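Here the structure comes first, spelled out in structure tokens, and everything after it is commentary.
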Amino acid sequence: MVKICCIGAGYVGGPTMAVIALKCPSIEVAVVDISVSRINAWNSDELPIYEPGLDEVVKQCRGKNLFFSTNVEKHVSEADIIFVSVNTPTKTRGLGAGKAADLTYWESAARMIADVSKSDKIVVEKSTVPVKTAEAIEKILSHNSKGIKYQILSNPEFLAEGTAIEDLFKPDRVLIGGRDTPGGQKAIHALRDVYAHWVPQDRIICTNLWSAELSKLAANAFLAQRISSVNAMSALCEATGANVTQVSHAVGRDTRIGPKFLNASVGFGGSCFQKDILNLVYICECNGLTEVANYWKQVIKVNDYQKSRFVNRVVSSMFNTVSGKKIAILGFAFKKDTGDTRETPAIDVCKGLLGDKANLSIYDPQVTMDQIQKDLSMNKFDWDHPIHLQPMSPTTVKQVSVAWDAYEAAKDAHGLCILTEWDEFRALDYQKIFNSMQKPAFVFDGRNIVDVKKLREIGFIVYSIGKPLDSWLKDMPAMA
Ligand code: UDX
Ligand code: ADP
């Protein structure tokens, strides 16, 4: 029986291994992590991450051929294939701070593998890492090998949160990069055989190591660039009276462009896009490619611009001040169908409004109060470091409350901001919400999910990203 061990039981490791276990009953899969609370949660009825369909997959395999454990060394030493899916935060200090990946966790995982291994291993990079990480890991392993042979593969994960199980069941492609040596090719085939249990052969792409590593950064950069492109257009639409939804639709009908990933929003978030682009920028700079680095930096700049543009719009519409006003925040996760808040645009928008002394009442169906408080007190890039977290400042504590539902959040509020596109926000009784709010009542839709016409008929002043402006908003132009 082939044994697989995955180091890191997070958003990538957990769902990916659960699906491998489901699709390959003949393989034993152990997911290990140093975090006891995370492993306990994976072994309980309350999984540590919210992902549609994940519960059922885990329930079917857990205890049969899928195990979650903190006994990292035992499972690593027994495994034939080791996936490494640990966190790779952005460095917050030293060389490359604010850009380069911090490979501390990766390096310690590699050294541990070298320490405990007693048989040959295939080591698979699963977490996104900078190009050439495999080479570094190979060096650590081969210099500590004690005669054991290691083959390093890069097998980047392309799943998106919220649709992870669907994406894993039917991937557009599986990418496997390895060395062009007989040993490297044998390792590629061994991993390909795992995926071949359910993925058609023509969807499994095999490349060299560097191409696989770079393809992951490139794919995320291209996707993020699409969103920044449509968001840049949304600003122009607001200035000219065009409607960004109509523009995206017309543009996306060109089969060369395609309709997906063209929804204007308050900005992209998530653990990958910004981090991967910063990584790409750093690699370009290290290779003297300043123009290329600047090109990709602009994708992040437009994303930051979109978030601050939204905050400016809220403040300027409400007579240039939100001081002491209650603002309801609907949605805090970085997208719907996940409880994940890493790099969510809601953090920057909320911080911007708090800076203008607003009182926030936040509601998200999947994000806990504890998480919201952590996020609002954290410094940039700290989210992926197991740091000693600062409590919220006493003034922020007074300014932020968490509501149990959207109606409670909106009660007596002057304005309502929609920051995540949860389906339940489309189906709210907006007349009831309007009746309970201060007047004039404002809705700022950062995800373009409300029926603008209907809300205006109710009496709301509505701002929807990239849509023709309410006459009220035209009279109160936001600062650029
Ligand atoms: C992304 C990639 O899609 C995935 O392939 C990779 O493995 C990890 O990074 P994820 O971050 O989970 O996945 O979510 P994704 O669906 O890509 O959304 C990222 C952000 O872009 C979200 O904040 C989302 O709301 C935003 N977005 C997406 C838009 O603003 N408009 C769109 O049209 C699509
Ligand atoms: P991702 O979104 O890439 O899955 P996460 O941050 O959700 O990232 O998960 C990474 C996991 O890796 C965390 O649960 C962390 O505790 C775990 N981890 C980090 N370093 C090690 C290590 N050396 N051994 C085992 N687990 C580790």
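Backbone N, Cα and C define each Cβ position, glycine as well.
Feature annotation from TrEMBL assigns NAD(+) binding site to 8-13, Asp33, Arg38, 86-90, 127-128, Glu161, 272-275, Arg342. Residues or ranges marked as active site, nucleophile by TrEMBL: Cys272. Residues or ranges marked as domain 'UDP-glucose/GDP-mannose dehydrogenase C-terminal' by TrEMBL: 328-452.
Neighbours of Glu161 (NAD(+) binding site), defined as other CB atoms within 10 A of its CB across all chains, total 24. Other Cβ atoms within 10 Å of the Cβ of Gly8 (NAD(+) binding site), summed over all protein chains shown, number 27. Here the CA atom of Cys272 (active site, nucleophile) lies 11 Å from the CA atom of Tyr11 (NAD(+) binding site).
A Cβ distance below 6 Å to any atom of ligand 1 is met, among the recorded positions Tyr11, Asn87, Thr90, Glu161, Cys272, by Glu161, Cys272. Around the Cβ of Tyr11 (NAD(+) binding site), 22 further Cβ atoms fall within 10 Å across all displayed protein chains. When the recorded positions Asn87, Thr90, Glu161, Cys272, Gln274 are checked against ligand 2, Asn87 have a Cβ within less than 6 Å of one of its atoms. Under the DSSP three-state reduction, Thr90 (NAD(+) binding site) is assigned to strand.
Around Thr90 (NAD(+) binding site), a 10 Å sphere centred on its CB holds 22 further CB atoms from the protein chains shown. Here the binding-site residues are Asn87, Gln274, and the one whose Cβ sees the fewest other Cβ atoms within 10 Å is Asn87.
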